[in-house]
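Quick look at what Swiss-Prot annotates:
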{"type": "COILED", "residues": "74-101", "note": "coiled coil"}
{"type": "REGION", "residues": "188-209", "note": "region 'Disordered'"}
{"type": "TOPO_DOM", "residues": "24-110", "note": "topological domain 'Cytoplasmic'"}
{"type": "TOPO_DOM", "residues": "132-155", "note": "topological domain 'Lumenal'"}
{"type": "TOPO_DOM", "residues": "173-209", "note": "topological domain 'Cytoplasmic'"}
{"type": "TRANSMEM", "residues": "4-23", "note": "transmembrane segment"}
{"type": "TRANSMEM", "residues": "111-131", "note": "transmembrane segment"}
{"type": "TRANSMEM", "residues": "156-172", "note": "transmembrane segment"}
Amino acid sequence: MSLLLVIFLLELVVQLVNTIGAKTINNLLWRFYLSIPGSPLAKDFAEQRAKQKEYLQVRHDLNATSSQDEFAKWARLQRKHDKLMDELEKKKSQLDAHRTSFSRKLTIYRWILTRGMQWFLCFWFSSQPMFWLPYGWFPYWVEWLVSFPNAPMGSVSIVVWQSACSGVLALVIEAVMAVVRYTGGTGMQKQRQPVPAAGGAPGTSKKDL
């Protein structure tokens, strides 16, 4: 794979991450991780869901039981309710701790694979031309500018190519998002268009009394 394409794909990933949002990506990956049957936390998450369901049922039964008419049953349900609440709070604290660690690791990996890779490629290939400009088509200052900082004169450097890809992709993604927002807003307006109330026959009007 050519370096030109690698830089373009890397910038595309960076722009998509910026558009979607790092927090949203972390949440989606966390849910996906919990849904994997063999993952270490899948069992804990399933237990938490089961306890939540049991807790809601006990709370429903507790609310439906009178503490005066059925005190023994009410006291038993209250003890079970408190026990399940404590267990859920402990389980939630454990999962929250795992989630924080998971998000921290994702942030580190994402930085290495995006920003870190950007800096590394710019440093490692700073003197390598991405492609050459047609000879004699551009003035000296343009050739010097596009070859900044260390590429041969008359060529396009990796820094300039990276900046160009980033700028073009940002504009394209912004245009696509604007079209999506406009299309969605138009559809909502059509759905909310008021329906005229049933009145008299067409061509008739009410007369003032």
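Note that Cβ sites are derived from N, Cα and C of the backbone, with glycine treated the same way.
In the predicted model, the topological domain 'Cytoplasmic' (173-209) has a mean pLDDT of 64.
When DSSP labels each residue, the topological domain 'Lumenal' (132-155) comes out as 7 helix, 2 strand, 15 coil, counted as helix, strand and coil in that order. The topological domain 'Cytoplasmic' (24-110): residue composition by secondary structure is 74 helix, 0 strand, 13 coil, according to DSSP.
Taking Cβ pairs closer than 8 Å, the topological domain 'Lumenal' (132-155) reaches residues 126 in its own chain, all 6 or more past its ends.
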